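Copied over from TrEMBL, here are the features:
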type	residues	note
DOMAIN	21-429	domain 'Major facilitator superfamily (MFS) profile'
TRANSMEM	20-39	transmembrane segment
TRANSMEM	60-82	transmembrane segment
TRANSMEM	102-126	transmembrane segment
TRANSMEM	147-166	transmembrane segment
TRANSMEM	178-197	transmembrane segment
TRANSMEM	240-265	transmembrane segment
TRANSMEM	277-299	transmembrane segment
TRANSMEM	306-324	transmembrane segment
TRANSMEM	330-352	transmembrane segment
TRANSMEM	364-384	transmembrane segment
TRANSMEM	396-422	transmembrane segment
Amino acid sequence: MGGVALDDGPTGVKAPDGGWGWAVLVGCFVITGFSYAFPKAVSVFFKELIREFGVGYSDTAWISSILLAMLYGTGPLCSVLVNKFGCRPVMMVGGLFASLGMIMASFATSIIHIYLSTGVVTGLGLALNFQPSLIMLNRYFSEKRPLANGLAAAGSPVALCCLSPLGQVLQYNYGWRGGFLILGGMLLNCCACGALMRPLLPPKKLKSLEESGDGAVQEQKKPQPKKRLLDFSVFKDRGFLIYTIAASVMVLGLFVPPVFVVSYAKELKYEDTKSALLLTILGFVDMFARPTCGLIAGTKWMRPKTVYLFSFAMIFNGCTDLIGSQATTYVGLVVFCIFFGMSYGMVGALQFEVLMAIVGTEKFSSAIGLVLLMEAIAVLLGPPGAGRLLDATHNYMYVFLLAGCEVTLSAFILAIGNFLCIRKKQKEPEAKMEMAVTAAETEELRRSEDNEDSEVVHKGQNGKAGEVVNIVKGNTALVETLNTCIF
């Protein structure tokens, strides 16, 4: 899940697959949890908002819809900002926006104010944290990237299991206004997570050679193309087109069962407590399925086939919906939630890992923004479309059948499209993959090391350049490394 931003400079760094990367993983875990769980967690305040402003449930449901729409629909904007300013400043500003929105909402006097503050401002802040955190995670991990993605994705069910009960406690003790204010304070932790996203340091030896003014090294350089803030060339990649179509179809049905399973249980005359327990079971299974799937996807025999593993996860999810549509007892719904949690966790752990494998590291920051924009449309159409079907048929079976067909269709689109239409791409080096950094971060790194570099440059200008030339000419491996890093 994630990648790197485009770069207009020659400086390259190697993914450490550990070290400070584990701190980055913790930050990404927290951000993923807030981003996916927060739109669902605020729903515990809806009854109080209905009573406060005299609106209907459909009016309050727009709060979560706007939050999700901002999270997905602002993907291209996040790509532009990350490519221009870097991940860390974008995330810290996003954390301020997320917190400010909830604090403003605590003083709201109408439901429109809630839409604008919680929906738009907080949604934008979470979006500015979510996408850059994925990008930074995959700068720090290469060989262990599938496992890192799975662990980070586990933040979603963990946060949901924590935020929903916390929201109920806050509402009981402080009311919805006090609850919003405290949640706004909690969202300031996004700024702390953003501060963890430290840019990777470039190799000092190669940087010294590059800046020494040596003629032989300068000949190795080629003019760098101007950096694009949003790279639309990804649409020329057949793999990206197939993935985008498949992901958009998948999202139409993926989020439908969690939305309707509790209502389905109530329709079968089960009490509210037992009905709500179904989502807890689903989330608990999902919590362990994501890192487990990431661990499996990272094995040597499975990693080259992650696209097909992702397709299997979608077929598993779709078939679970199709079979679960026939459940008419509580035990049947519990079994459905267990298998749905497993398949849902697999999809969550693999979706961005597969995108990274298809488009590569350099184009990922633009690709994920464009994919999220397309998924935003599907997110806004999927659950409401299923609700209309339910209103027309008054039968939950058709809702689950439709969701299962959509997810299964997306699996076949991805698997068949990948098998027939996509040429085999060159395999990425495992542990020695060179990753570019953004221009803003490169400039920051150069300023921080000016003192060390000035000494190296001075020596190079006073006679060391000749020694560098001899070393470069006499060592073919070093020349190849320079070509890789510089170009």
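Even glycines carry a Cβ here, placed using N, Cα and C.
Beyond its flanks by at least six residues, the transmembrane segment (60-82) meets 5, 35, 38-40, 42-43, 46, 49-50, 90, 111, 114-115, 118-120, 122-124, 126-128, 130-132, 135, 229-230, 365-366, 368-373, 375-376, 379-380, 438 of its own chain at Cβ-Cβ distances under 8 Å. Long-range contacts of the transmembrane segment (306-324) within its own chain (CB-CB distance under 8 A, at least 6 residues past either end) are made by residues 146, 246, 250, 253-254, 256-257, 293, 296-297, 332-333, 336, 339-340, 342-344, 346-347, 350-351, 353-354, 357-358, 400-401, 403-412, 414-415, 418. Between the transmembrane segment (396-422) and the transmembrane segment (240-265) there are at least 3 Cβ pairs closer than 8 Å, counting only pairs 6 or more residues apart in sequence, which means the two stretches are in contact. Taking every listed stretch (102-126, 147-166, 178-197) in turn, the largest tally of C-beta pairs under 8 A with the transmembrane segment (20-39) is reached by 147-166. Of the Cβ pairs linking the transmembrane segment (178-197) with the transmembrane segment (102-126) and spaced 6 or more residues apart, 3 or more are under 8 Å, so the two regions touch.
Beyond its flanks by at least six residues, the transmembrane segment (102-126) meets 34-35, 38, 42, 49, 53, 55, 59-60, 62-63, 65-71, 74, 94-96, 177-178, 180-181, 183-185, 187, 190 of its own chain at Cβ-Cβ distances under 8 Å. Long-range Cβ contacts of the transmembrane segment (147-166) within its own chain (Cβ-Cβ under 8 Å, at least 6 residues beyond either end) map to 1-2, 21, 25, 28-38, 40-41, 44, 133-134, 137-138, 140-141, 280, 283-284, 286-288, 290-295, 297-298, 345, 348-350, 352-353.
Computed over the domain 'Major facilitator superfamily (MFS) profile' (21-429), the whole-number mean pLDDT of the model equals 83.
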